[in-house]
Structures are given as C-alpha cells and as structure tokens.
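*Asks:* Okay, here's the structure, questions in a sec.
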Amino acid sequence: MHQTVNVDLAERSYDVEIGPDLLAQAGVRIKPMLHRPRVAVLTDETVAGLHLDALRSGLASAGVEMTALALPAGEATKSWPHFERAVEWLLAEKIERRDIVVAFGGGVIGDLGGFAAAVLRRGVRFVQIPTSLLAQVDSSVGGKTGINAPQGKNLIGAFHQPSLVLADTSVLGTLTARDFLAGYGEVVKYGLLGDADFFEWLERNGPALSAGDMATRVQAVTRSVQMKADIVARDETEQGDRALLNLGHTFCHALEAATGYSDRLLHGEGVAIGCALAFELSARLGLCSQEDPSRVRAHLKAMGMKTDLSDIPGDLPGAEDLVDLMAQDKKVVDGQLRFILARGIGQAFVTSDVPRDAVLSVLQDALATC
Ligand SMILES: NC(=O)c1ccc[n+]([C@@H]2O[C@H](COP(=O)([O-])OP(=O)(O)OC[C@H]3O[C@@H](n4cnc5c(N)ncnc54)[C@H](O)[C@@H]3O)[C@@H](O)[C@H]2O)c1
C-alpha cells in the first residue's frame, strides 16, 4: 500500500513516502542520511502524547537515538517566543550542521520546525513527519516554512525544502473529526484546481475515506501530494503557477482574519468555504457553469463540512470589511487583489482582473443567509 512521490527540484529533490505504519520504519528511512545516529525531534504536546513512543521505537529499531521537545499544540505556537525556545533548545542539544531536525506534527510544527532548521547554523537538513491530514497533503511538501507575526499569518519565514517526508497514514486515525475534515478541505481543493477526475473520485470515495478506509486514504494523500509536487517543481518560489494552490485562500484569509485566527474557523474549513465562494464568483463572472458551485457545495455538505458563511459561529463583519481584509493579504501584488478562479471543476487559473463589485455582491449574498 506504500507509495512514493518524488518532488523534482534538482539538487533539492526529495521523496514523500506515504502509507500506513511508516513510523515503525522511520529509523531505516532516515538512517542513511545521518552522519551520527541521533536526531532532534520537534513536536507538539498532543502528538507527543499519542505517537512519540512509536516514533522513538521506530528510530531505535535502526539504532537511531532521539531527543525531543514538545511545544504546546495550536496555531499560537507559530510565534517568536516558541520559535526562540525551539532554536535555543536545538543549540543546547548541540545539533550540528550535518545533523537532522525532525518536525513531527501538524502544519504548525512543520512550519515552525522547518523554519528553525532553515536558520539554525545557517541551515540544517530536516525531515517532515506530518501527522495531520492537512500537513500530509499540503504543508509538509513544498518547502514553505515560517511563523506568524502580530501583523499577520506566515509573514516571517523562508523557503527551505525538507530532505524527506514520511506521511504515515495510520496516525490520521487519532485526529479529531473536525481536524480531519479541515484537512479534507485541502484535498478537495486539489480536485477543484486541477483534476476533475479526482474530484469525481472524492465524491464517490470521500465517505469511505472519512470513515477510515486506509487504501482510500493512501490514494487521496498520494494524488494530493503528486499534484502539489508537480506544481512546486514548476514554480518553487511562487512566481506563477504555484499560486493555483491558493484556490479559496483569498476568501479564507479574510475569514480567518475576521474570526481572529481562532477556533471559530480552522484554516482548512476556511479553504473549503473559500473554494465554494471562488466557484460562486467564477459562475457569476460567466467563467464556469452555474452547476459547478452547486456541485462543490453539495460535496462539502455531504462530507459534513463547513460550506457557507452561516456555518461559522458568531458574527462576521460586513462585505466591505471582508474585502478590505482581503486587501491586507500578503499575496496582494501592487495593491491588486489576486484571485484563483475556475473555468470549471479542475480548471483553475490565477487572475488580478476581478471587479471589486463582483466580489462584494458574492459576499453580500453569502452574508445574507447568516
Ligand atoms: N507550509 C505550507 O505550505 C502550509 C500550507 C498549508 C497550511 N500551512 C500551515 O499549517 C497550519 C495548519 O496545520 P494543521 O491543521 O495541521 O494544524 P496543527 O498543526 O495545529 O494541527 C491541528 C491539531 O491537530 C493535532 N494533531 C496533529 N496530528 C494529530 C494526530 N495524528 N492525532 C491527533 N491530533 C493531531 C495538533 O496537535 C493540533 O491540535 C497553519 O499554521 C497553516 O498556516 C502551511
């Protein structure tokens, strides 16, 4: 059931290994990269409680020792104080230039751990062992690392590619249903942006995947990683095509800012709602058929996901304020809002040519149902 996807980036190329029970093989897979049999693991307290022993024994079975630092779970950890603690801990553990840092957790640990590896001694190698669905299909691949600033999300960081990614699909079994579905929002995004057949496959297999069917999980993670790897190989530092991966994100970032990056809306939930809105906007601009947004929403609803603005608990600002929040996104270029729109399911494209009034009217109508 194991799959390997290669991320083809010349001398920075690496493999993403996907399948059940990979933690048990962590030592065998990582050992050939080590110059001494010891790694430093950054993780969060939740993942540590559930899976750190399994990682330790997987490493030990190949004679690799580990030392670990568990940071608090949650987005607030992606900040200077925890970053400083992580880097100073790595120095105190005498992690050297040729050693390997392991980021073992969801996207928060992957982003923070990758950034710590990027700056430690001007850059050490790191291995991603992503444990959330979101991290397995998205954040662990592609080399974007970083932390949040008081001014906004992901504003401090570096491109630093991992040397290996081990996506153990067995560990997904301990995710809360909410965190699992938030990650599924990113899986759906891949079908919507570039692979109509994959979206159709998800419509048929999403329920089994959500219920825990391992073969389906491996297949969904593999297809998602393959799509991300292809896009990243074409455009590593997001000069063009990589922006396609931001389908749904312009809306999502405004909604995350409006809800204070709190538990009211998880990132993947915002992506799902944002994809539905991006298709609605595309249909109104006459780019895709009217049926496409309905089909997107129907699948999200069938999976029990947040789909509409009314699914976000609490009050939201008005449409004008949401558009203003979009304008603060770091992906705004020369003050122009950039959107990923679609000519149909699986046919996304990047454009700055979107009338503000069209965005406003989509949001006004979406807010009217709240
Ligand atoms: N670098 C990138 O390209 C990229 C892409 C997308 C998102 N991100 C970032 O990823 C972050 C979101 O990632 P996330 O959703 O994984 O968040 P997260 O790391 O906070 O994980 C979500 C929750 O799930 C828990 N968890 C993780 N694995 C678990 C497991 N196997 N069992 C039980 N609980 C588990 C965590 O402790 C946490 O409470 C955001 O900070 C976002 O900016 C980065």
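Cβ from N, Cα, C; glycine included.
Sharing the record's features from TrEMBL:
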| type | residues | note |
| --- | --- | --- |
| DOMAIN | 70-180 | domain '3-dehydroquinate synthase N-terminal' |
| BINDING | GLY107, VAL108, ILE109, GLY110, ASP111, THR131, SER132, LYS144, LYS153 | NAD(+) binding site |
| DOMAIN | 183-332 | domain '3-dehydroquinate synthase C-terminal' |
| BINDING | GLU186, HIS249, HIS267 | Zn(2+) binding site |
*Asks:* Of the binding-site residues GLU186, HIS249, HIS267, which sits closest to ILE109 (NAD(+) binding site) by Cα distance?
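*Replies:* So, of the listed binding-site residues, the one sitting closest to ILE109 (NAD(+) binding site) is HIS267.
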*Asks:* Can you tell me whether DSSP puts LYS153 (NAD(+) binding site) in helix, strand or coil?
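*Replies:* Its secondary structure by DSSP: strand.
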*Asks:* According to DSSP, folded down to helix, strand and coil, what is GLY107 (NAD(+) binding site)?
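*Replies:* DSSP assigns GLY107 (NAD(+) binding site) to helix.
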*Asks:* Cα-Cα separation of LYS153 (NAD(+) binding site) and HIS267 (Zn(2+) binding site), in Å?
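*Replies:* Each residue's Cα considered, LYS153 (NAD(+) binding site) and HIS267 (Zn(2+) binding site) end up 11 Å apart.
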*Asks:* So if I take the binding-site residues (ASP111, GLU186, HIS249) and measure from each Cβ to the nearest atom of ligand 1, which come out below 6 Å?
*Replies:* ASP111
*Asks:* On a C-alpha basis, identify the one among GLU186, HIS249, HIS267 that is nearest to ASP111 (NAD(+) binding site); the candidates are the binding-site residues.
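*Replies:* Going through GLU186, HIS249, HIS267 one by one, the Cα closest to that of ASP111 (NAD(+) binding site) is HIS267.
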*Asks:* I want the residues beyond GLU186, HIS249, HIS267 whose C-beta is within 8 angstroms of the mean position of the Zn(2+) site's C-beta atoms, in chain order.
*Replies:* LEU134, ASP138, GLY185, LYS189, GLY248, CYS252, GLY268, GLY270, VAL271, GLY274
*Asks:* Identify, in sequence order, the residues in the chain of HIS267 (Zn(2+) binding site) that are 6 or more apart from it along the sequence and have a CB within less than 8 Å of its CB; answer 'none' if there are none.
*Replies:* GLY107, LEU134, ALA182, CYS252, GLU256
